[in-house]
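Trainee: What TrEMBL shows for this protein is this:
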- Asp35: active site, proton acceptor (ACT_SITE)
- Asp175: active site, proton donor (ACT_SITE)
- Ser8, His66, Gly142, Phe143, Gly144, Gly145, Asp175, Gly176, Gly177, Gly197, Ser198: substrate binding site (BINDING)
- His33, Asp35, His66, Asp175: divalent metal cation binding site (BINDING)
Amino acid sequence: MMIQIAPSILAADFANLATDIQKVEKSGADLLHVDVMDGHFVPNISIGAPVVAAIQKVTKLPLDVHLMIANPGKFLDSFIQAGANIITVHAEADCHLHRLIQQIKSAGVRAGISLNPSTSLTVLEEVLPDIDMVLIMSVNPGFGGQSFIASSLNKITRLKNMIEERHLQVDIEVDGGINSQTAPQVIKAGANILVAGSAVYGAPDISRAIRELRGS
Ligand SMILES: O=C(CO)[C@H](O)[C@H](O)COP(=O)(O)O
Ligand SMILES: [Fe+2]
């Protein structure tokens, strides 16, 4: 399966966002990962829909919006209007996942479900055929620059098996602590979309960092 790299703008310079986005676009990124944090679901605040709308004007990269917010249903329309191409909600943030997925997909946007490190894959059981992507958090969400949690590898492998056994086409994205050491491990485990913040924006040569993460 083709490996896609999604740089996270959480590690970019927010005062020079357009320049930093164009840097990763020119360097071969496949998607742009946008971390939305509300200070409730996670202990940090980042950016909201107006920033997504502004970003959409300065890049052709598909916007992969990772909502780390409570009550995501209340805000889906604003992120859809802002031009998100993929919207991922956390399974822990709402007890009506099916409804959220329907709301996202009926707008023609790809739908993802994210799981915290402590959340079991079993919550996906009923919705797996309805979604386009599962985002496995390999750190506890809220901050960039954290260390990869090794047990995520086994979780990715079990998810990959679950998807294959059911003959489904669902992308597996992994987010948190991805660098040149952990990337080959998550790819081997079955992930096909790799989010990387610090490993991309902290690299002296961004094109090379992206190529290394992709393994090409
Ligand atoms: O969702 C996130 C944090 O909650 C970020 O996408 C993630 O942490 C990326 O940062 P890094 O690659 O530096 O770990
Ligand atoms: Fe993220």
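Cβ coordinates are placed from backbone N, Cα and C, and glycine is handled just like the others.
Neighbours and distances for these, please.
Mentor: According to DSSP, Asp35 (active site, proton acceptor) sits within a strand segment.
According to its DSSP assignment, Asp175 (active site, proton donor) is in a strand.
DSSP assigns His66 (divalent metal cation binding site) to a strand segment in the three-state reduction. Cβ contacts within 10 Å of His66 (divalent metal cation binding site), excluding its own Cβ and spanning all protein chains shown: 27.
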Trainee: What's the CA to CA span in angstrom from His33 (divalent metal cation binding site) over to Gly142 (substrate binding site)?
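Mentor: The Cα atom of His33 (divalent metal cation binding site) is 14 Å away from the Cα atom of Gly142 (substrate binding site).
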Trainee: Give me the non-local Cβ neighbours of Gly144 (substrate binding site): same chain, 6+ apart in sequence, Cβ-Cβ under 8 Å, ordered along the sequence.
Mentor: Ser8, Leu10, Ala11, Asp35, Gly197, Ser198
Trainee: Are any of the recorded positions Asp35, His66, Ser198 near ligand 2, with a Cβ under 6 Å from it, and if so which?
Mentor: Asp35, His66
Trainee: How long is the line from the C-alpha of Gly177 (substrate binding site) to the C-alpha of His66 (divalent metal cation binding site), rounded to the nearest angstrom?
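Mentor: With the alpha carbons as reference points, the distance is 16 Å.
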